[in-house]
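What follows is a single structure, written as structure tokens, with notes after it.
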């Protein structure tokens, strides 16, 4: 009897051992598969994807109101009503008839557009300080969440009063202002110098975001309602926040899935000053008095002014002056921005190749691409007001928007060059100055343009 029990126990132990062994074998296999996947998809690539998609979603939530405002205030002009009816936009015609629009003046609309950027500028330094204390993961993630929640609330706020919309846009602006310094702060820890220009092209995800906003929102407004435009962008923002918190990490050392090979490569190719900067006191006085920092800030001010002429007034120009219906407006307003992402990748790859081959000094490379991003668009936007041929006008519009992105191989990349360990804080100061153009440009347009509609 005892032998039988011993034999049964032995078999039971053997079974448990086999099960344990099989489980351990499965874990090893899964670990090997995961290691192979990580080896093929570097953590830096995942960070690039998160950065690109993050700015894409951020700018969708930022710019949805630009095209939505045209539909929200459509009853302000009988001419605009004629345009909608001529283009057989049944949804917009019914919106006008049902009173799903608001009697807001051009000045009110300019304030709604500009309020976002006033608070956006004010939060730049806050973003740099917050990223240093709380890390990019928390700062970028929570700012995106607040912006997404605001987009979901705007349709309800509009029904109350335009002042409530302005208040929400202020909150969104403050939250969005944290994103750029937060993401810049992480670049120095993750990206070697030889890859820096290419990684900076991920920030151009915002160009795709602007383009998709106009294309998608134009379609939604034309076929459903302007309200669904905000619901769409807000929902995409919430979805992105989930991905961010699952996949993003502040430094390579915090990443649980990074391979040893990639970690070693990053450690060998980032500067010593970056490694020693953790917890250091930010030398704000040195930043405020740095001539290169001021040069970047003032230079970029002009580029931002031109960029926001296209971003904020582009949809109104397409509908009111060129008389395109919303769907065509969305496509034509959006495509230059979508393609400008591709142009930014080209510019940044060329810049990296020039750095590696030492075609010229790093400083001259940055100056060259900064010149491309400012001089060419400046000349082209000046000529738009004198062109009567719509095809030629749209081609020049397209070229101007795409050349603006050369800045990300120029002045914007230079921020990380001059201060890789304090890039977030330096960017915060630069953006406080140059991003003031993002609200001054729409406000100036609102006061200069007394009539938004073309008169024959």
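Yeah, the Cβs are placed from backbone N, Cα and C, and that goes for glycine too.
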Of the ranges 164-191, 248-275, which one does TrEMBL list as transmembrane segment?
164-191
Have a look at 89-110, 111-132 and point to the one annotated transmembrane segment in TrEMBL.
111-132
Pick from 139-158, 359-378: which range has transmembrane segment per TrEMBL?
139-158
Tell me which of 9-26, 27-44, 45-62 corresponds to the transmembrane segment entry in TrEMBL.
45-62
Would you confirm whether the transmembrane segment (426-449) and the transmembrane segment (227-247) meet the contact rule of 3 or more C-beta pairs below 8 angstroms, pairs 6 or more apart in sequence?
no
